[in-house]
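Below is one structure, written out as structure tokens, with a few remarks after it.
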Amino acid sequence: MRFTATAAALVASSIPATLGQHVRDLSNEKWTLSSDALNHTVPGNLPSHAHLDLLKAGVIDDPYHGLNDFNLRWIPESNWTYTTDKIKDLMPIEFCGKYVASTNNQYRQYSFDVSQILEGCNEDPILKIDFGSAPNIVNAIAEDRNSPVWPDGIQQTYEYPNRWFMRKEQSDFGWDWGPAFAPAGPWKPAYIVQLPKAQNIHVLNTDLDIYRKGQINHLPPDQSQPWVVNASIDFVGSLPPNPSMSIEFKDTKSGEILTSKRIGNVTVSGNSVTGVTVLGGVTPKLWWPLGLGDQNLYNITVTVTGHQNQTLAHVTKRTGFRTIFLNQRNITDAQLAQGIAPGANWHFEVNGHEFYAKGSNIIPPDAFWPRVTEARMARLFDAVVAGNQNMLRVWSSGIYLHDFIYDLADERGILLWSEFEFSDALYPVDDAFLDNIAAEVVYNVRRVNHHPSLALWAGGNEIESLMLPTVERKAPEEYAKYVGEYEKLYISLILPLVYQNTRSITYSPSSTTEGYLDVDLSAPVPMVERYHNTTPGSYYGDTDFYNYDSSVSFNSHVYPVGRFANEFGYHSMPSLQTWQQAVDPEDLHFNSTTVMLRNHHYPAGGTFTDNFHNTSLGMGEMTIAVQRYYPIPNKLDSVANFSAWCHATQLFQADMYKSEIQFYRRGSGMPERQLGSLYWQLEDIWQAPSWAGIEYGGRWKVLHYVSRDIYQPIIVSPFWNYTTGDLDLYVTSDLWESAKGKVNLTWLDLSGTPLPHNAGTPGSVPFNVGALNTTKIYSTNIKNLTLPNPKDAILVLSLSGEGHLPNSDKKTTFTHQNHFTPVFPKDLALVDPGLELSYNTKSKTFTVEAKSGVSLYTWLDYPADVVGYFDENAFVLLPGQKKEIGFTVQEDNTDGKWVQGVTVQSLWNQTLEK
């Protein structure tokens, strides 16, 4: 690489479109990868990881195959050098043989002035980046006598220990749903930028904050106030005195210019230039989440000019006008009068409207981020939209999501609850660590602030709800100390930094919290957390809930009653097709060594390769759940039996999530006024047992189909107390206006014959359900029904109603179907439904028909080498009923031949030997 010795900077991170001259993308350069662990070099790439380059060079097999997460540990335990910057891990950087800098935070953007080094460089410049072994580095830090030591039994180690000392993706060190590859490498792009003269700048980052006049993060904005735009640009270089700024908003659909104006109050502070303007006299179209309105977007162009009107910087970002607010305020007298229980709110409001948040938690989609493409994430987010989800909680500790992922969410109306990267651990609070965190927070808050999909900033995952109670239980004498450290990091440090860089987003110190008592931004601890200051009979905060005692999985009395459910779930196995991507044929049985050791629930707690005791507990939980509630597979062919067992675990998982989601959604009309359900978890990081609804590669589990169904706007739900026999039917709606209609109740035996007198229940029940509410439409006790044989009976519930979707004048017809059986599926007197499947080449749809009996959990499956989803799946099909079902192809490597491999089965097939 040859450069002129003018002002030059190494910049590591994504780079915005600006007027910076001579920008060289280092991804286009030739790189080599070397290590003492190898006796030769291999070609490298940027961005990349050592694992990926070694795989491409043929040095290693697929890291995801078999037990390679164990076999390839020599890679993360070695040092690696990329020669010829998002810079990851602790790594010295050399340019022209001269030391440039060391970095210690994967989440920051770094820029370095190398002009003097370049000026003295008499040879072709060589850039060298050394990556130390992350596991070795954190262990060395832990052994330093000056490093903090926490009480025994507090810190959560999954595989590699001491992750909390490094600002690196925490799940790189292992988690209970993923491997511990701890990859090293330049995981984001890097650039060399040359500025040809003084008073010329290059844009590093942009903060565009759009909010209502007078808006404060933790208070509801006044929707009658005009919009305010605060535009701030971070740069390298130097600005001339008294620069000017202007903005232009252009509708991305129509191309119409909303407004174009010069910004007043331009200030320069350090390497940032900022201007603020009020958009008076304009009425932009609002951005709404999925199902609540349109996703109206605008391109905002910010231009910085000098005193002679020459353009110094020019940045265009896509944005939207919306307010999003997490309401944690005390319940008002007006709410009490409506029957809402006392305590405090915990729900989101968009553009002044409270709404029901329906969604899940997203984890890293891959252990190696450089191979996560926009197309791959688009497929995932299309599945989110198809699943009727309007919010994802971006779990920490993965990474702060790339801008292109926020772009995908902006387009699709998916709100992203975002978090700072701290999870299930206590962290250092020394000055150097806090300074590092401060830079990380400021960079990322500013970077993503223009995205209308951004819903919240939370301080971290389960710090308040898990870590502090663990300290209180195991080291009560030190509880006050660690509460103080928690507040120092998450409240005294991070909260003010968020407030200083955005007025449009609420901040919560922890993902699961009881909320706050008071906010005083002038106080040393600006937010007073509620902690244990609660009153019996009152509700506060959000909940997470995991109970692996499957004997109570369908007992709604054990589910937490709260304002918002942000985590809940149970694990299941991926499908046979997904297992076959990573596991050898001889290992395709439920308790093979490979299958068991790829299950990290429960985690090893260290770098053990014989975690059979802990993993057998998790495998046993799935096994016992299936045995309790579903027919036990016993097929003669071992692979077919393995596949049937995998499917059975998915049936249990889906039914359990359905039971909980119905309960939480019903809470919208209960005293708890519950307004959110985000289950754990959306997708997988690799092929293994987990809580995911979408497998690695994109195949939907039963869960994602079932959650899509139960996340529809209006649903009918049965609630059965199997101890007392009480059966209640509810209609729940998340519309913003009342809706009315009827629910048909049809009792049948499993051959499809109607039961006499409809078993003593009415044939239909009318309903009128209020806005964002629920209503009980029928109540009885199973003992009062005239059921000839409870094992040979099913109640089919069919809802039809009318209402208006939010922000729509058009009346819409809503339908939903549910069912109830008076015994659990394993005790049903199943009959062969006689399923037949056909395909129409013209309409490209499948038709499924049940010829001889009720088909429960009707399941269409497709072969490997294609990715997509059916319009409907895991449904009830009655005798003589035909259902036409389409299939959305997201990726096809079969040239259309996959159609020939589509199959259909039902719960009946789980009872067969073949």
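Numbering starts at 1 and runs along the chain as it is shown here.
Positions of Cβ are set from backbone N, Cα and C atoms, glycine also.
The shown structure was predicted, so the numbers you read here are calculated from the model rather than taken from an experiment.
What Swiss-Prot lists as active site, proton donor is Glu462. For the recorded site, Glu462 (active site, proton donor), the DSSP three-state label reads coil.
According to Swiss-Prot, the feature N-linked glycosylation site maps to Asn39 (among others), an assignment based on sequence analysis. Within the same chain, no residue at least six positions away from Asn39 (N-linked glycosylation site) has a Cβ under 8 Å of its Cβ.
Residues or ranges marked as N-linked glycosylation site in Swiss-Prot: Asn79 (among others). Neighbours of Asn79 (N-linked glycosylation site), defined as other CB atoms within 10 A of its CB across all chains, total 17.
Taken from Swiss-Prot, the feature N-linked glycosylation site covers Asn230 (among others). For the recorded site, Asn230 (N-linked glycosylation site), the DSSP three-state label reads strand.
What Swiss-Prot lists as N-linked glycosylation site is Asn265 (among others), and the listing cites sequence analysis. The Cβ of Asn265 (N-linked glycosylation site) has 10 other Cβ atoms within 10 Å, all protein chains considered. Under the DSSP three-state reduction, Asn265 (N-linked glycosylation site) is assigned to strand.
Secondary structure from DSSP puts Asn299 (N-linked glycosylation site) in a beta strand. What Swiss-Prot lists as N-linked glycosylation site is Asn299 (among others).
Marked as N-linked glycosylation site by Swiss-Prot on the basis of sequence analysis: Asn330 (among others). Listed in sequence order, Gly343, Ala344, Asn345 are the same-chain residues at least 6 apart in sequence whose CB falls under 8 Å from the CB of Asn330 (N-linked glycosylation site).
Per Swiss-Prot, the feature N-linked glycosylation site maps to Asn591 (among others); the stated evidence is sequence analysis. If you draw a 10 Å sphere around the CB of Asn591 (N-linked glycosylation site), it holds 14 other CB atoms from the protein chains shown. Secondary structure at Asn591 (N-linked glycosylation site), taken from DSSP and collapsed to helix, strand or coil, is coil.
For Asn614 (N-linked glycosylation site), the count of additional Cβ atoms within 10 Å of its Cβ stands at 18 [all protein chains shown]. Annotation comment: Swiss-Prot describes Asn614 (among others) as N-linked glycosylation site.
Sequence annotations record features per position, and here Swiss-Prot assigns N-linked glycosylation site to Asn641 (among others) based on sequence analysis. DSSP assigns Asn641 (N-linked glycosylation site) to a helical segment in the three-state reduction. If you draw a 10 Å sphere around the CB of Asn641 (N-linked glycosylation site), it holds 17 other CB atoms from the protein chains shown.
The feature N-linked glycosylation site is assigned by Swiss-Prot to Asn721 (among others). Taking the Cβ of Asn721 (N-linked glycosylation site) as centre and 10 Å as the limit, one finds 14 other Cβ atoms among all the protein chains shown. According to its DSSP assignment, Asn721 (N-linked glycosylation site) is coil.
Among the features that Swiss-Prot reports, N-linked glycosylation site is placed at Asn773 (among others). Secondary structure at Asn773 (N-linked glycosylation site), taken from DSSP and collapsed to helix, strand or coil, is strand. Cβ neighbours of Asn773 (N-linked glycosylation site) (same chain, under 8 Å, six or more residues apart in sequence): Ser668, Gly669, Thr732, Ser733, Ser738.
Asn784 (N-linked glycosylation site) falls within a helical segment according to DSSP. Under a cutoff of 8 A between CB atoms, and with a sequence separation of 6+ in the same chain, the neighbours of Asn784 (N-linked glycosylation site) are Gly760. As annotated by Swiss-Prot, N-linked glycosylation site applies to Asn784 (among others).
The signal peptide annotation in Swiss-Prot covers 1-20 and rests on sequence analysis.
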Query raised in the report: Residues with Cβ closer than 8 Å to the Cβ of Asn230 (N-linked glycosylation site), same chain and 6+ apart in sequence?
Result: Asp207, Leu208, Asp209, Ile210, Tyr211, Thr274, Gly275, Val276, Arg503
Report summary line: By Cα geometry, the one of the recorded positions (Asn79, Asn265, Glu462) nearest Asn641 (N-linked glycosylation site) is Glu462
Report summary line: Candidates Asn265, Asn299, Asn591, Asn614 (glycosylation sites); nearest Cα to Asn79 (N-linked glycosylation site) turns out to be Asn614
Query raised in the report: Who sits close to Asn299 (N-linked glycosylation site): which same-chain residues at least 6 apart have their Cβ under 8 Å from its Cβ?
Result: Phe249, Lys250, Thr252, Thr316, Lys317, Arg318, Thr319
Query - Neighbourhood of Glu462 (active site, proton donor) by C-beta distance under 8 A, where only residues 6 or more apart in the same chain count - result: Ser423, Asp424, Ser510, Ser511, Thr512, Asp544
**Report entry** Rounded distance in angstrom between the Cα atoms of Asn721 (N-linked glycosylation site) and Asn265 (N-linked glycosylation site)
**Finding:** 64
